[in-house]
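Now, the feature entries from TrEMBL:
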| type | residues | note |
| --- | --- | --- |
| SIGNAL | 1-32 | signal peptide |
| DOMAIN | 6-139 | domain 'MARVEL' |
| TRANSMEM | 42-64 | transmembrane segment |
| TRANSMEM | 76-100 | transmembrane segment |
| TRANSMEM | 112-129 | transmembrane segment |
| TRANSMEM | 141-166 | transmembrane segment |
| DOMAIN | 144-290 | domain 'MARVEL' |
| TRANSMEM | 178-204 | transmembrane segment |
| TRANSMEM | 216-237 | transmembrane segment |
| TRANSMEM | 264-284 | transmembrane segment |
Amino acid sequence: MPIVVVHYNPLFWVRLCALVFSCVAFAVTVHGADLSHGTGDWCVFCWAFSFAGTLLVLLVELFGLQTRAPVSWKNFPITFACYASLLCLSASIIFPLYFLKGQTSRSEAHNYRIVATVFSCLATISYICEVSISKARPGEVAGYMATAPGLLKVCETFVACVIFVFISDPVSYDSHDALRWCLAVFCICFILSAAIIVLCICECTGCLPFPFARFLSAYAVLAVVMYLSATIIWPIFKFDEKHGGTSRPYSCRRYEGLCDWDRLLAVAVLTAVNFVLYLADLIYSARLVFVTV
């Protein structure tokens with residue numbers, strides 16, 4: 001019979017705070033925020049998903065079921081915490097942008113939106129603290145996802161998902177073969193990074209027909225080169241008038257949220273961000289000598 005084990009370490013209390021904050025954020029939003037835009041559903045999903053995952057992690061650890069979990073408990077909790085911090089961070093930015101920006105009325109729904117934004121920020125801080133507490137220290141034996149390269153891969157996949165959202169609505173990669181190459185870069189790197197994360201969480205890295213460490217190093221080099229090309233190509237074919245690009249339309253100033261041109265700019269910025277992340281991943285992977293997967 002499972003025995004409830006109560007933890008008094010900082011990690012437990014940080015997770016408990018994240019659980020409460022994310023719960024309050026989506027509860028007050030659903031209750032009275034009066035959402036009229038599909039973006040609000042995404043924010044609610046971010047908070048509800050983070051709440052559900054944190055509740056699962058807390059229950060597993062309270063009942064001491066880590067050894068019975070079908071995943072590596074050295075890798076799963078910190079991986080989820082990193083994704084949850086990114087999800088809550090995105091909601092903390094998107095929600096006020098669409099539901100508080102330019103609002104002058106002090107209605108009850110407006111107050112609910114302010115509360116949701118505040119608790120979303122608190123949840124983000126809590127998850128960041130959890131990641132900071134859980135990550136591996138130099139000289140410490142830990143799961144791969146608790147190291148800097150592992151956490152960077154979580155960020156890389158998340159940024160790629162945001163890029164996919166921006167380039168698909170509206171479709172902005174089918175006007176030139178160079179832009180299709182950028183799409184291929186985003187897809188290939190996302191799939192490989194996601195596969196690495198899944199292999200580590202499921203503890204299947206030993207099943208590969210080649211050394212996992214060599215694969216990580218080779219992939220890091222490949223990703224840096226591919227993202228460098230996309231970082232250069234995307235702005236040229238989207239913002240340089242000689243190659244069919246355009247400047248920011250005047251109508252974007254009156255647009256609620258992000259207009260189509262702003263989305264193109266966001267893709268350019270996020271591509272550069274992912275290039276930096278993959279470059280850091282390459283540097284850390286070359287120096288990583290204290291991890292067992």
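The backbone N, Cα and C atoms fix where each Cβ goes, and this holds for glycine too.
Quantities reported herein were computed from a predicted structural model and do not represent experimental measurements.
DSSP assignment over the domain 'MARVEL' (6-139) gives 102 helix, 0 strand, 32 coil.
In terms of DSSP helix, strand and coil, the domain 'MARVEL' (144-290) has 116 helix, 1 strand, 30 coil.
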